[in-house]
Amino acid sequence: MNKKEKRIVAIAAAFALCFGISPAVNAMHIMEGYLPPKYCITWGILSIPFLVAGYFSIKKTVSKQHRSITMLAMAGAFVFVLSSLKIPSVTGSCSHMTGTGLGAILFGPSAVSILGIIVLIFQAILLAHGGLTTLGANTFSMAIAGPFVSFGIYKLCQKLKVNKLSGIFLAAFVGDLFTYCVTSIQLALAYPSSNGGVGASALKFLAVFAPTQVPLAIIEGILTVVIMIGLETYAKAELNDLGLVNGGIN
């Protein structure tokens with residue numbers, strides 16, 4: 001590794017030490033066996049096209065910019081660390097940061113689908129977070145829906161000439177919240193309310209998630225901004241390869 005790559009690895013390691021050390025808890029996104037089989041299969045099938053697009057997106061990026069491999073790994077580590085810090089919220093689920101906004105900004109939302117599913121598989125097998133039967137649902141909410149919204153918000157802020165740091169914050173913040181909107185809908189579809197159906201059930205899940213998820217989304221937005229500032233300082237060449245330093249971060 002050259003000097004800049006070592007600095008990037010050092011930043012990622014320091015971040016993991018600061019935020020990744022936490023007591024082991026039996027928490028997860030949507031836990032193993034919680035969704036009926038038909039919903040597990042449906043969400044898995046819906047995720048497949050995005051994963052295929054993500055594979056080709058990463059392949060194209062790496063073939064054109066070999067230096068991007070380190071940053072791609074760092075974006076994956078960011079997702080792993082943040083999404084492993086969980087706060088129990090409702091039965092069968094929990095609240096946590098997602099970390100996917102950073103990868104969406106750097107590499108686009110399709111690439112993050114691959115990073116996300118890798119993280120979810122590791123968490124399901126090694127940490128007992130989430131599950132293999134609910135992998136499709138968790139992938140769709142955290143690794144697909146959230147990143148696409150984050151990317152859209154970031155591009156919209158660019159078009160509206162919003163301050164770059166503010167745009168990064170909003171992208172991570174809104175993407176995190178949207179992930180939980182999708183999760184609430186997934187849970188509501190599987191367990192509709194006896195009074196009011198899916199809509200009423202979704203509102204109930206959202207109401208329970210909100211007190212913990214809104215503060216976590218704010219924290220994720222701030223952390224994403226801090227990481228981007230660090231990358232602008234120590235990995236400007238890599239960001240330039242990805243077309244992200246026009247005018248600098250201001």
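Keep in mind that glycine also has a Cβ here, set from the backbone N, Cα and C atoms.
Noted in Swiss-Prot for the protein shown:
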SIGNAL    1-26  signal peptide
TRANSMEM  38-58  transmembrane segment
TRANSMEM  68-88  transmembrane segment
TRANSMEM  102-122  transmembrane segment
TRANSMEM  134-154  transmembrane segment
TRANSMEM  165-185  transmembrane segment
TRANSMEM  209-229  transmembrane segment
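Just going by CB pairs under 8 A, the stretch in 38-58, 68-88, 102-122, 134-154, 209-229 that sits most against the transmembrane segment (165-185) is 209-229.
Against the transmembrane segment (134-154), stretch 102-122 shows more Cβ pairs under 8 Å than any other of 38-58, 68-88, 102-122, 209-229. Here the listed stretches are 38-58, 102-122, 209-229, and the one with the most C-beta pairs under 8 angstroms to the transmembrane segment (68-88) is 102-122. Within the chain, the transmembrane segment (102-122) has long-range Cβ neighbours (under 8 A, six or more residues past its boundaries) at 29, 47, 50-51, 53-58, 61, 68, 71-72, 75-76, 78-80, 83, 130, 132, 135, 138-139, 142-144, 147-148, 150-151, 154, 168, 171-172, 175, 224, 227-228, 242, 244.
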